[in-house]
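Visitor: Take this structure, written in structure tokens, and hold onto it; I'll ask about it next.
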Amino acid sequence: GTIPCGESCVYIPCITSALGCSCKKKVCYKN
């Protein structure tokens, strides 16, 4: 929840979710 994964999730889910990233406030974050 603190580290940006450099990916947005406005229209599609986080592809980086495979790396443990999750969507928060239209941006993918890790931890």
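Even glycines carry a Cβ here, placed using N, Cα and C.
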Visitor: C23 forms a disulfide with which residue in Swiss-Prot, given the options C9, C21?
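Guide: In Swiss-Prot, C23 forms its disulfide bond with C9.
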Visitor: Tally every other Cβ atom lying within 10 Å of the Cβ atom of C28 (disulfide bond).
Guide: 22
